[in-house]
Amino acid sequence: MGPPNQRSRESARLRPQVSLFFQTAPLSCRNRRTAGPNGAHPRQAAPPDSQRPAAGARWASRRDGRRRDRRPEPHSEAREGGPNLKEWLREQFCDHPLEHCEDTRLHDAAYVGDLQTLRSLLQEDSYRSRINEKSVWCCGWLPCTPLRIAATAGHGNCVDFLIRKGAEVDLVDVKGQTALYVAVVNGHLESAQILLEAGADPNGSRHHRSTPVYHASRVGRADILKALIRYGADVDVNHHLTPDIRPPFSRRLTSLVVCPLYISAAYHNLQCFKLLLQAGANPDFNCNGPVNTQGFYRGSPGCVMDAVLRHGCEAAFVSLLVEFGANLSLVTWDSLGPESRGRRKVDPEALQVFKEARSVPRTLLNLCRVAVRRALGKYRLHLIPSLPLPDPVKKFLLYE
């Protein structure tokens with residue numbers, strides 16, 4: 001008997017032949033199993049009626065047998081189509097299978113911001129060993145750590161104290177949310193800064209489909225966005241496009257809405273839009289970026305400029321994209337015709353700015369700035385202030 005993969009291939013190869021046999025074989029050949037007495041197989045005597053299981057029991061045993069047969073072997077997730085999601089989440093994110101805390105005082109103190117109680121409790125070894133415990137501490141809450149609870153409530157002093165006592169900053173809950181992400185979602189700048197200074201990943205967790213940058217861009221929190229960018233956050237979505245995510249949770253991105261630059265324009269957050277471009281966000285994301293537009297849903301925008309016009313953004317959004325080197329030829333004239341504009345809310349002034357920019361060649365000064373910034377790359381733009389250049393040139397390269 002060969003290895004499992006070889007047996008699977010042989011089984012797949014023989015399955016059509018077996019099916020064809022049962023379709024073409026004579027009835028007497030197909031019914032050989034019923035040739036024995038009382039409808040039993042010739043090699044197996046039929047049990048008496050008193051020993052036969054009921055019909056429901058027979059079906060249950062067959063069903064249980066199929067379940068046992070289909071149970072995946074260890075380390076065979078890829079061959080069986082992926083692991084069980086619930087078990088995977090428990091294995092990754094929970095210390096125990098969603099158990100409730102026996103003693104909730106540590107979590108309660110983090111929730112209400114009681115720093116004095118936290119100090120008192122963490123003097124004991126039993127509580128220090130539970131500082132990273134992820135359990136259901138309150139009805140309706142996800143299993144999470146005291147640090148995650150304090151960050152959600154915005155208690156910066158408790159966040160700082162828990163980190164100094166050994167709390168891990170990048171632990172995630174069952175939804176893949178880090179303490180930094182929930183601090184950003186709830187608008188707590190102080191807690192977010194403390195976590196970033198302690199080394200929290202500014203991109204959040206790969207197990208969550210959103211990022212702190214994306215949420216700050218959507219709600220227009222420019223102050224939080226500045227802090228994230230200062231600590232090296234990815235202003236595009238390349239962080240979530242790396243191939244090291246396991247197959248059940250990786251997917252092909254087929255929508256522009258995953259881009260922070262797009263979502264800031266869709267919500268008309270001009271300050272966040274400019275901050276992202278200054279930090280090196282790709283103004284042609286989806287076209288020069290890692291996502292292929294061929295898989296896009298019909299009618300969805302193909303690039304950021306197209307989305308800006310479709311959402312009726314002001315002329316300032318178009319001007320910024322032009323200044324940062326957006327490829328204007330990616331937006332077709334057909335999408336700007338009167339018939340298509342009638343179904344959209346295109347801003348007339350923004351459309352006029354776009355048409356003028358497309359009809360007039362760009363200045364050499366603008367082209368040089370775009371070329372220098374692209375040569376540096378978005379991860380080295382923060383080094384521009386340290387270059388041996390005059391201050392006016394540095395400000396020019398930084399769009400200040």
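Just so you know, glycine gets a Cβ as well, placed from its N, Cα and C.
Note that TrEMBL annotation is computational and uncurated.
Pulled from TrEMBL:
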{"type": "REGION", "residues": "1-82", "note": "region 'Disordered'"}
{"type": "COMPBIAS", "residues": "61-80", "note": "compositional bias 'Basic and acidic residues'"}
{"type": "REPEAT", "residues": "145-174", "note": "repeat 'ANK'"}
{"type": "REPEAT", "residues": "175-207", "note": "repeat 'ANK'"}
{"type": "REPEAT", "residues": "208-240", "note": "repeat 'ANK'"}
{"type": "DOMAIN", "residues": "358-400", "note": "domain 'SOCS box'"}
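Long-range contacts of the repeat 'ANK' (145-174) within the same chain: residues 89, 92-94, 106-107, 109-115, 118-119, 122, 128, 131-134, 137, 180, 182-183, 186-188, 190-191, 194-195, 198-201, 205, 207-208, each at least 6 residues beyond the stretch ends and with a Cβ under 8 Å from a Cβ of the stretch. DSSP places the residues of the domain 'SOCS box' (358-400) in helix, strand and coil in these numbers: 28 helix, 0 strand, 15 coil. The average pLDDT computed for the repeat 'ANK' (208-240) is 91.
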